[in-house]
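Annotated domain 'Major facilitator superfamily (MFS) profile' per TrEMBL: 56-498, in sequence order. What TrEMBL lists as transmembrane segment is 56-83, 95-115, 122-142, 148-170, 182-203, 241-263, 321-344, 350-369, 381-400, 406-426, 438-458, 470-493.
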Amino acid sequence: MYPKQNDNTLEKKLESKNVYATEVDAGSSSSSNSLPTSLFNEKEQRRIIWHIDRRVVAVLGAMYAVSMLDRFNTGVALITGMGVDLELKGSRYNMINAMFFVPYLLFQLPATVLLRHIGARHFLSIATFLWGVTTIGCGFVSSWTDLMALRMCLGLWEAGFFPSCLYLLSSWYPRYDLQKRNAGFFLLGLVPSAFCGIMSYGISHMNGLGSGPEWLGKHNIEMSPTGMPIGMSYGGGIAGWRWIFIIFGTVTCALAIWGYFLVVDFPEKLLADGSKGCYVKFLTKEEASWVVERIEKDRNDVMPTQFNVLEYIKCAGDFKVWAFAFMYGLVGLIGYGIGFALPMLLMDSMGFSATPPYIMAAIATWFVAVYSDKWRLRSPFILLCLVLVFIGLCLIGFASNHGAQYFGVFFAALPQCAMIPALLTWQANNVRGQWKRALISAFSVGAGAAGGLGGSFIFKTEDKPHFYPGIATCLAATFTCFVVVLLLLLMFIRANKRAAAGGKAIEGLEGFRYTL
C-alpha cells in the first residue's frame, strides 16, 4: 500500500509540490531545536505546534477520557443495584471484568496495522462509536452473561485505541518534544476518570426515570434489619445503575461523531492529500511540509514502507521490544494493583482520601515530562520514580502509624501516572520505522494490560490491614523493573559509544543515537 522510500524521496516530493525544500540529511539525529526553519520564524513555528497540540493531543485525550469512563463505571453500577438485579454472586463480577481483557490483549497488534491502512480518523472515531453503542447496551441487559458478552465486545472495540494514539502522537512530534505530549494525552484521559465515581453515583439517582419493560426497573430491594436483602419488587421506570451506562454511552457516541470531524491522520498524509488526512483542515501545505521535514530530519522515517506481515513480525525479534513490554507490564502490575487496593487501604484502614495522592502524581507527571524533554533524558527519571515507589510501598506495608502510611501512598501512586508516559516515550525514542513503532506500542500496551489483569488479584480483602502479599509482590516488581531499566541503559550507552567510534549503525541509520 505504501511504496518504499529512499533517502531523497521526501525532498523530491516537496520540491515537486513547489514548497520549500531543505536538505534531508539521513545521518542526522538532530532534535527539534535544529530542525528546518527556512520558511517560518520562531513565533510562527510555535503557532503551528500549538495547532497540532490542539488537534492531536487534545482531541485524542478527550476520546481516551471516555474510554476510561466506560471501562471503570461498572464499580459504581455494582453497588447501586446491578449486583442484585443481575445476581452477581461469587466470582461473576470478577469474570465480567476479566472478560474485557481477552479481546483487548488479542487485538492490540492488528489494530495498529489497521490504523495505518484505513486512516486514523476513520479507525479511531468508528471504534469509539462502537464502544459507545456497546456501553449503552450494557444498560439494557437482563442477565450477567449478557453483560459479560458486551464487556468482551467493549474490549474488542477498545483494543488498539491506546497504542494507536501513542503511535499517532509519535508520528507528529520529534523525539525530544514527545514526552510532554504523551503526558498531556495521558493526563487528559486520567483526570476525568478520577471523577468517574462521583459522576456515576450522581447519575444513579435518576433511578425510576423513563419507561420500559418491567425488568428494567427491577431496583426496589427490601432489606432485613441485618442489612441483607430479603425481597425484590418491581419499580417503574429504569433502574439507576442502567442510567449510568446509558448516559456514558450516549456521551461517548456524541464524542465519536465530534472526533470524526476533528481527528487528524498521519502528517505525511496531510501533505500528500489534506482532504483525506483530516475533515476540518488546520494546516496549509507549507505548514504540513515543515512538520514532515522536522520529523524526517529527526529520525528519517516519515514515510512507511510497504506492509509485509513477515517483516512486521520480524520486528518482534528486537530485544528492545520485549524489554520495554516487560517493563511496562511490571508498571501495569504495580499501578493497577495499588489503584485497586487504595480504596481498601485508605478508606477502610486509614480513613484518608485517595484524591490528593493522585493530584500530586499528576503534577509529578507533568514535571517529569517537561524536564525529561528539556534535558533529553528518560531513564534517570524512570529510575528515580522506581526508587520513590519502592520507598512508598515500604512505608505502606511496614510503617507503624497511618500518617507515615499515607505519606507512602503519595510515592506509590507515581507508577500509574509519571512512569507510564516516561516509559512509552523512551521506547518511541529508541526505535525507527513506522511499522516497528506501531508494533512496539501495541506490544507494550498489551503487556501493561496483562500486568493490570494480574494486579487486580494481588491485593485481597482477607490480607487487610497490611496486605503483606500484595506489598511484597509490588516490591519485587519494582526492583525487577529497576534492574531491567539499568541493564537497558547500560546497553544503550555501550551501543552509542560503539556507533560514535565508527562501529555498527544504530537502528540502521548513521548518526542515530539511543536516548538515555
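Here the Cβ of each residue, glycine as well, is placed from N, Cα and C on the backbone.
A mean pLDDT of 83 is what the model gives for the domain 'Major facilitator superfamily (MFS) profile' (56-498). Nonlocal intrachain contacts for the transmembrane segment (122-142), taken as residues 6+ away from its ends with a CB within less than 8 angstroms of a stretch CB, comprise 60, 63, 66-67, 70, 86, 111, 114-115, 150-151, 153-154, 157-158, 160-161, 164-165, 215-216, 238, 242-246, 248-257, 259-260, 263. Counted over residue pairs separated by six or more positions, the transmembrane segment (406-426) shares at least 3 Cβ pairs under 8 angstroms with the transmembrane segment (182-203), which defines the two as touching. Taking Cβ pairs closer than 8 Å, the transmembrane segment (182-203) reaches residues 53, 57-58, 60-62, 64-65, 67-69, 72-73, 75-77, 80, 165-166, 169, 240, 243-244, 247-248, 355, 358, 362, 365-366, 368-369, 416-417, 420-421, 424-425, 428 in its own chain, all 6 or more past its ends. Here the transmembrane segment (321-344) has long-range neighbours at 315, 354, 357, 389, 409, 412-413, 415-416, 419-420, 423-424, 426-427, 431, 436, 439-440, 443-456, 458-459, 461, 464, 467, 470, 473-474, 477-478, 480-481, 484-485, 488, meaning same-chain residues at least 6 beyond its ends whose C-beta is under 8 angstroms from one of its own. Long-range contacts of the transmembrane segment (95-115) within the same chain, counting only residues at least 6 positions beyond its ends with a Cβ under 8 Å from a Cβ of the stretch, are 71, 74, 88, 123-124, 144, 147-148, 151-156, 158-161, 163-164, 167-168, 307, 312, 435, 438-439, 441-443, 445-446, 449-450, 452-453, 456.
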